[in-house]
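What follows is a single structure, written as structure tokens, with notes after it.
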Amino acid sequence: MESQQLSNYPHISHGSACASVTSKEVHTNQDPLDVSASKIQEYDKASTKANSQQTTTPASSAVPENPHHASPQPASVPPPQNGPYPQQCMMTQNQANPSGWSFYGHPSMIPYTPYQMSPMYFPPGPQSQFPQYPSSVGTPLSTPSPESGNTFTDSSSADSDMTSTKKYVRPPPMLTSPNDFPNWVKTYIKFLQNSNLGGIIPTVNGKPVRQITDDELTFLYNTFQIFAPSQFLPTWVKDILSVDYTDIMKILSKSIEKMQSDTQEANDIVTLANLQYNGSTPADAFETKVTNIIDRLNNNGIHINNKVACQLIMRGLSGEYKFLRYTRHRHLNMTVAELFLDIHAIYEEQQGSRNSKPNYRRNPSDEKNDSRSYTNTTKPKVIARNPQKTNNSKSKTARAHNVSTSNNSPSTDNDSISKSTTEPIQLNNKHDLHLGQKLTESTVNHTNHSDDELPGHLLLDSGASRTLIRSAHHIHSASSNPDINVVDAQKRNIPINAIGDLQFHFQDNTKTSIKVLHTPNIAYDLLSLNELAAVDITACFTKNVLERSDGTVLAPIVKYGDFYWVSKKYLLPSNISVPTINNVHTSESTRKYPYPFIHRMLAHANAQTIRYSLKNNTITYFNESDVDWSSAIDYQCPDCLIGKSTKHRHIKGSRLKYQNSYEPFQYLHTDIFGPVHNLPKSAPSYFISFTDETTKFRWVYPLHDRREDSILDVFTTILAFIKNQFQASVLVIQMDRGSEYTNRTLHKFLEKNGITPCYTTTADSRAHGVAERLNRTLLDDCRTQLQCSGLPNHLWFSAIEFSTIVRNSLASPKSKKSARQHAGLAGLDISTLLPFGQPVIVNDHNPNSKIHPRGIPGYALHPSRNSYGYIIYLPSLKKTVDTTNYVILQGKESRLDQFNYDALTFDEDLNRLTASYHSFIASNEIQESNDLNIESDHDFQSDIELHPEQPRNVLSKAVSPTDSTPPSTHTEDSKRVSKTNIRAPREVDPNISESNILPSKKRSSTPQISNIESTGSGGMHKLNVPLLAPMSQSNTHESSYASKSKDFRHSDSYSDNETNHTNVPISSTGGTNNKTVPQTSEQETEKRIIHRSPSIDTSSSESNSLHHVVPIKTSDTCPKENTEESIIADLPLPDLPPEPPTELSDSFKELPPINSRQTNSSLGGIGDSNAYTTINSKKRSLEDNETEIKVSRDTWNTKNMRSLEPPRSKKRIHLIAAVKAVKSIKPIRTTLRYDEAITYNKDIKEKEKYIEAYHKEVNQLLKMNTWDTDKYYDRKEIDPKRVINSMFIFNRKRDGTHKARFVARGDIQHPDTYDSGMQSNTVHHYALMTSLSLALDNNYYITQLDISSAYLYADIKEELYIRPPPHLGMNDKLIRLKKSLYGLKQSGANWYETIKSYLIKQCGMEEVRGWSCVFKNSQVTICLFVDDMILFSKDLNSNKRIIAKLKMQYDTKIINLGESDDEIQYDILGLEIKYQRGKYMKLGMENSLTEKIPKLNVPLNPNGRKLGAPGQPGLYINQQELELEEDDYKMKVHEMQKLIGLASYVGYKFRFDLLYYINTLAQHILFPSKQVLDMTYELIQFIWNTRDKQLIWHKSKPVKPTNKLVVISDASYGNQPYYKSQIGNIYLLNGKVIGGKSTKASLTCTSTTEAEIHAISESVPLLNNLSYLIQELDKKPITKGLLTDSKSTISIIISNNEEKFRNRFFGTKAMRLRDEVSGNHLHVCYIETKKNIADVMTKPLPIKTFKLLTNKWIH
């Protein structure tokens, strides 16, 4: 039946429908559809009518009532018409049944138009079931309705489905674009409502009013499918339909959510633009409303800056808030928070005024007189109605920022004022004076402030309790008044210079006076109506006059803007001068303490808190008047700005109030902070704080971890303390829900002690605000203290404890008492307190000798808990002590470099402050206390072990007996010490970047030794001893010797041996006489040397010179013949020349003394382990650098050195942005695109060559059948994720040929189109070097092959499509790939599997296990690198047979057959190889470097002398503050990537001598400072100068047919940042260097021996793998050797005594190493340090040493 109907109407197509029943489309700017169905109003007010006259035909319906919606009502059917819109056809309910789906197979094939299935339709009567329909259904969104004259009728609310049915319903328009979907879905929802389906539309909460029926779901699906074609749906809609194609309800719900969000944004913008506030509601509520709106808009991407927000807020202010519009118009940098401060101040003033309800006087003679007067009040508070702020945020003082100038100020003068003056003088604008309005006032010439808002007038202020004036000319009987406190509306202090009388002479010749305060720090002269009322003068604002109570008019009032003014002409001038007034305040004879000093003394607390504390005697010893508060208002502490920087203020009222009913110490708040990273193990990483709810008393305890037992110990301690000290019991402890508080152990403890745990709600920071705010405050103080003092970060908890002590003693502004007072304790005696980090000298009661200094420099931390002493940090001892034997070091405070503190000196203040305390100590001290060794009560910092940062100041170097560098002083008397700038050390933040160093031109360290004959005046003599710069500080077994070189600057000998010193000159700083030290024997010299840090390992002395190889023989490692000697015999070790005796150079005296940093160095330097061994340490002279390259350096000026120290490391401020930015840096592009090479190439010849290469590539692609040429696919038919973009790339090869390559964009390939588990293998570089070395020793032929278009031989399994090449001109078509095109993720793996299978099955090869791409059979070895093959064999015919088989399958080219007996040159994987069979092989990259380096734009210096080494020891990379523009930063990082990338490529290929420098600089790629770039340039310069160097191999001639594989290992202990060690290994095969490695140890070693063990253990796995490869390729016996210069390591390896190192940190690794040596039959041998060529891998060396260790194997 249905098919018959369709055949009768063939023009009706599936999926199309039409209707003449339409509703008028309303076009409006407003949203035509509200957000939810529950709130939707009818979009159309009534149903539309037909264009022609309508007639209705009643119809009977037997359709049963639908329980989910209203019963269908009879509808009027329009009669036939001649218009373009045919008559609507109705259908029966049976026809609406979706049973037709089974016939057509899918809902999309249903023959019914969707709106015909709406439940509102029913059979109208007998008529044709399928009348003529239009060709389309609906109209596009952009098409207006074709109907006219539509009428509307009211419809009921959409909240209920029991509504009357509309007679005619217009279908929704067709969706024509994904961008129109939001508008379309609104009309679609309206269509559903009109179809009586409003109840199924999701509401705001995403749920419909009622459940949808199956028929309604069918109707919903079909209408959506027809009117919203799938190609025009947004992506998020397609994603929903891809899961369930019938889930239209979810689409509607999501759409409503999006519309709700858009509506919220629009509502917020409208609300913000129409703000109104007059003080009728609380200011807090108004602020919360505005800030919430701004935050929502910002979160939704609509940024509202402070300027716009302030303008919108001020525009809506009215009433008493209106004046903020005018007083803020010059404040360009005002923030919303600052504006609300003013609003809060005015609101609080209003509330105070309402509570006090001031009385207004009435004039008895005139009831209409509205004279207002306030009774005078004695409170010294001035609420300025015109608060002003400065243009910047330096000061919050209400200063005089005037708003008008003298050019437009009124100048008319009229002294006569009649009583009949009733009209107010209105001046709405200062220019109104020129519009005929006369101002009946005159100005006083000498008091005219021309930039006032109304010059020559006083501002009448009803809110001010005192009169303030800026000019001193009107003040009578002036006197100082330091005790008066005046604040403005924002509670900011206003400094007062003087107090006096202000005398008036009014027009009725009456005179009167009031009190006046003089201050220049106000915006306007304020006349208090309260004080006028006190002298019977009131202001009548109805008549605008000042008058007495009897009605006598005294002066007129001028209204200008929103304020009222009175002329200054009625003031009587005084004869006092301005300087007299200004100097009144400073005439006191007693000098006061400066506020900056007190601010720092009291832990950087704010001025208001300090004043409260002094006023309430919570701080004793001096009073509030003893402090100079004049600078407190505008003082800006830079350390506070840095340390206490916050995002915004804490929200008021966030604290809960329910704890107020508890007694002191019954309710505690607690919280844990941490961890703090990159600290020594002895320093705490956490702290736990406690705060009492009632007294606000605070406790802090350090923690090393957050384990249950650690937390339990702290709880036990504080509960016992409160119980014993305060006789109180804790009832409740409030804490968060961290696991450290919710564990069962603590819960049982609290339950046992009867304590209720009160846990806060998860993520509710407000409920836990007390503890969290305390932690934040303490951390702010901590950062500020560390910033101000410069102490290292591991003392962070000392700063926390200092802050806790002080803050427990400061009064709270609310309670007016301190926590100590609430707890019943006495106030803090400030005379016992020292500023945090104050330099002091601590008495050493037990020095090492009688001639050593008695004082040790230190830094005061905080008062001791356990004694009357002070906790002092001693950097030289790396510990803190509790002592009273200290002296405050006087001198200027030297703080941060960026702030100038030199103008501040508090020595005299500090002496005055502590005088009484020290006199008390002196008078009561019976005997000298020897408490230096009393450890601090803080065990966590009693011994600071392995601390990477040390204080760097000359004083500590001069007097510390344990410092690594003997003192270097230049003092003439003791006064020189007091003037030295002493500052605690700065450390490099480990979160910024690794602090590393690289070789460069720097002065060598010149250590000094104090003379025995030091003078008693405090001066010290220095012993000038010529010492060479250290070559290594890592190994304690490396001996240290004094120099014996005759010429210190140009000595060619390797001067490291022991020697006797004769006639060592001594220069005294106190005179010019030179003294000599008698000839000292070697033994006597050693007696003076004190080794402070002996090695952790064995007792075998390694400080003696070892001139010969000392083999360690064991039964396991040595056969009968001397295996060690045979292993070392043919290695390329240096030949040490004889060393002539050393004479001292006179130039040595001129070298300036420099103190070595006490941190570790990756390039040498003096560390703690070298303490007092400087005479026999390895040094080198300053002139021992042969380089003359002119590269700028970030060196410090010797004349301007502060404490003779290197510049402090500075933190990078843009690290996070820098790391993000570098991710976006693209690698350098060396190829050309199609348009660059062909389309727009102006070089005709080059263009022709590229065209030729292009056609050659296309022909090769077609030849290889790369894609399916039989069929082209339409782009719309293919899944987009299977379409791979492709492109042609062009480049010019090194041999001059032009090459084109058609590649796929694998970088944007979808992950579903390849198997991520497949690997693309290539030959390892060690395998290639091993094969080349064996080829030289076995006279192998080497043949080089290339397979053209190798990837195209591999089939592709996945279904992938690409765009055709450009010349085909089919941009809208796709072709399917059949081969692995270059660039695809899987192409490399596919080719590897293809060629591997062919070599194994067809060529009879097998792959060496563990070494991918290395194939071998009994005759040939093949190394495969993508499409390059290198063949090795004794018989050239064997290679030819393999080549013949390869040519059968692949297009194989013979690059070099290698058949000549003469020298043959190869270019194998970037290496330029010269090979003569049976003689030698040379590996280099001269041609490649000659071509590439000049293209790097490096400032090369070809004319200067060549560099002798890639760097030199002794230079630190300073982490300076890196402030670069983003583009400049990206450019420099890009440059570093290119330079280090090239250096790495060269280094890992064959220049193993450069690996240390490359590895170090690679760590600073993201920190391209000028110093780092200069060092990189120097490295590239060295590579350029030595580009002709080659790795030299000679054929070995062993006595027996064996292969010898040796690894030489070395380690530099603790020379990397944070005491990491640098390890290095060099691998040799038959005496030929085949590889090297230099890297930073992954773990921190605790001794030299552990570092050496770590280096050896890192080399063993590769050694074993290479051994297996060699045995597979060459069937000869193999001997494996392991060489090290650490005898202690060897003794551990060969020893059978496990107790020797069982309890040491490296015991496990040592045991494993012993097993590996034994199990792999490794021969462990000792090599002399001076012959250890692996030394170049671990540290920078002097030029001569570097050449000596490398000239045997690379030259």
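Cβ from N, Cα, C; glycine included.
In sequence order, Asp1427, Asp1428, Met1429, Thr1452, Lys1453, Ile1455 are the residues of the chain that are 6 or more apart from Asp1346 (Mg(2+) 2 binding site) and have a CB within less than 8 Å of its CB. According to its DSSP assignment, Asp1346 (Mg(2+) 2 binding site) is in a strand. The Mg(2+) 2 binding site feature in Swiss-Prot is assigned to Asp1346, Asp1427, Asp1428.
Here Asp1610 (Mg(2+) 3 binding site) comes close to Ile1623, Gly1624, Asn1625, Glu1652, Ala1655, Thr1684, Asp1685, Asn1732, Ala1734, Asp1735, Met1737, Thr1738: these same-chain residues lie at least six apart in sequence, with C-beta atoms under 8 angstroms from its C-beta. Under the heading Mg(2+) 3 binding site, Swiss-Prot lists Asp1610, Glu1652, Asp1685.
The feature compositional bias 'Polar residues' is assigned by Swiss-Prot to 1-10 (among others).
What Swiss-Prot records for 48-60 (among others) is compositional bias 'Polar residues'.
Annotation source Swiss-Prot lists compositional bias 'Polar residues' at 127-152 (among others).
The compositional bias 'Polar residues' feature in Swiss-Prot is assigned to 1005-1015 (among others).
Residues annotated as compositional bias 'Polar residues' in Swiss-Prot: 1031-1043 (among others).
Taken from Swiss-Prot, the feature compositional bias 'Polar residues' covers 1054-1082 (among others).
Summarising the annotation, Swiss-Prot assigns compositional bias 'Polar residues' to 1095-1106 (among others).
Marked as domain 'Integrase catalytic' by Swiss-Prot on the basis of sequence analysis: 660-835.
If you look up Swiss-Prot, you'll see 1338-1476 marked as domain 'Reverse transcriptase Ty1/copia-type'. As a summary of secondary structure, the domain 'Reverse transcriptase Ty1/copia-type' (1338-1476) carries 36 helix, 49 strand, 54 coil according to DSSP.
Sequence annotations record features per position, and here Swiss-Prot assigns phosphoserine to Ser416.
As annotated by Swiss-Prot, region 'Disordered' applies to 1-93 (among others).
Under the heading region 'Disordered', Swiss-Prot lists 126-173 (among others).
Marked as region 'RNA-binding' by Swiss-Prot: 299-401. In the predicted model, residues of the region 'RNA-binding' (299-401) average a pLDDT of 59.
Per Swiss-Prot, the feature region 'Disordered' maps to 352-421 (among others).
Every protein chain considered, the tally of other Cβ atoms within 10 Å of the Cβ of Asp1428 (Mg(2+) 2 binding site) stands at 17.
Annotation note: Glu1652 (Mg(2+) 3 binding site) sits in a helical segment as assigned by DSSP. Taking the Cβ of Glu1652 (Mg(2+) 3 binding site) as centre and 10 Å as the limit, one finds 31 other Cβ atoms among all the protein chains shown. Each of the binding-site residues Asp1427, Asp1685 was ranked by the number of other C-beta atoms within 10 Å, and first place falls to Asp1685.
Taking the mean position of the Cβ atoms of Asp1346, Asp1427, Asp1428 as the Mg(2+) 2 site, the remaining residues of that chain whose Cβ falls within 8 Å of it are Leu1345, Ile1347, Ala1350, Phe1425, Val1426, Met1429, Lys1453, Ile1455. Helix, strand and coil residue tallies for the region 'Integrase-type zinc finger-like' (583-640), in that order: 25 helix, 6 strand, 27 coil [DSSP].
In three-state terms derived from DSSP, Asp1610 (Mg(2+) 3 binding site) belongs to an extended strand segment.
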